[in-house]
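Next up is a structure, given as structure tokens.
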Ligand SMILES: *Cc1c(COP(=O)(O)O)cnc(C)c1O
């Protein structure tokens, strides 16, 4: 898409990104803060995000090798950790050639490692299941898994695990998970990585050798409003323009299904963004949007390409005006609440047809 007729776009503030990275990194200053940029950097454009951070960070992390190859093609030279590791034996050779660091979470991956001639210069990351029950070796198997590594591999060992409830500050499970991992770490005198964003913010004792910073890097809080997240700046502003304005009478309805009916003379603005752009179809009447310094409410059902907004009480909203759906003025958490979703899902679902535009 070279011609842009619509102004619907996700504006990406790379200064905010670098600010957030430096801030979170300063909270875990003894750890290597790995920037997690899987899923196209949570919808922010992984290549642009990686290029902006490449001189700031040592390491990036992505889900699988395809995502890492895209980064190498864009000229990224940093270490790249592959969080789900190899999906097939060929991935090991690709990882060796491109200098990717593979997570080993299952026995079949360990067998591939043992049967390959490939030598990896990077660390050997072993995933331990301390209670997420999604990926990783059970705690009681870890000794025997480690015994299958060569001495050279053992010297580069990083034991890794993942919190299931790190955002819940009153929950006792995060510390139990951490203790389970740290027990293995002391026994094997190796490095470790436990903390995701919520772990970094809520559980300083989990920082370890490497943290894995995802959501908070993008200026969005995994733990809700908190003094420690005040310094984060939202990186993405999702915006679109008003393309029509209608005056409607009491009793008239707006949009599909006639689910919203005017209780007063109402001015409705039609905005050029819909669920095909990743704006959640579930967003209920009342979901806030931001227009010219004022907040207005979504009314009626979200369409594929458009939403409708009640601008009756706004001083000066006109055709062509920019509407912020989320960003620095509309907290994405509020939109998530109104649409029964979460900030992570909203960010990663911004669709391909929305251009990611660098601000400034
Ligand atoms: C996605 C992911 C992260 C980052 O999590 P955030 O909550 O976004 O900080 C960390 N570790 C693993 C294994 C992940 O898959």
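Just so it is clear, glycine is given a Cβ too, placed from its N, Cα and C backbone atoms.
According to TrEMBL, the protein has these features:
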ACT_SITE  38  active site, proton acceptor
ACT_SITE  256  active site, proton acceptor
BINDING   134, 304  substrate binding site
DOMAIN    235-359  domain 'Alanine racemase C-terminal'
MOD_RES   38  N6-(pyridoxal phosphate)lysine
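A description of the local structural setting of each listed feature is requested, covering burial, neighbours and distances.
When secondary structure is read from DSSP and collapsed to three states, residue 38 (active site, proton acceptor) falls in the helix class. Contacts of residue 38 (active site, proton acceptor) defined by a Cβ separation under 8 A and a same-chain sequence distance of 6+ are given as 46, 61, 62, 63, 67, 83, 214, in order along the sequence.
Secondary structure at residue 256 (active site, proton acceptor), taken from DSSP and collapsed to helix, strand or coil, is helix.
Taking the Cβ of residue 304 (substrate binding site) as reference, residues of its chain lying under 8 Å away and at least six apart in sequence are, in sequence order, 274, 275, 276.
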How big is the Cα-to-Cα gap, in Å, between residue 134 (substrate binding site) and residue 256 (active site, proton acceptor)?
40
Long-range same-chain neighbours of residue 256 (active site, proton acceptor), Cβ under 8 Å, sequence gap at least 6?
300, 301, 303
Across all chains shown, how many C-beta atoms besides its own are within 10 angstroms of the C-beta of residue 134 (substrate binding site)?
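That number is 10.
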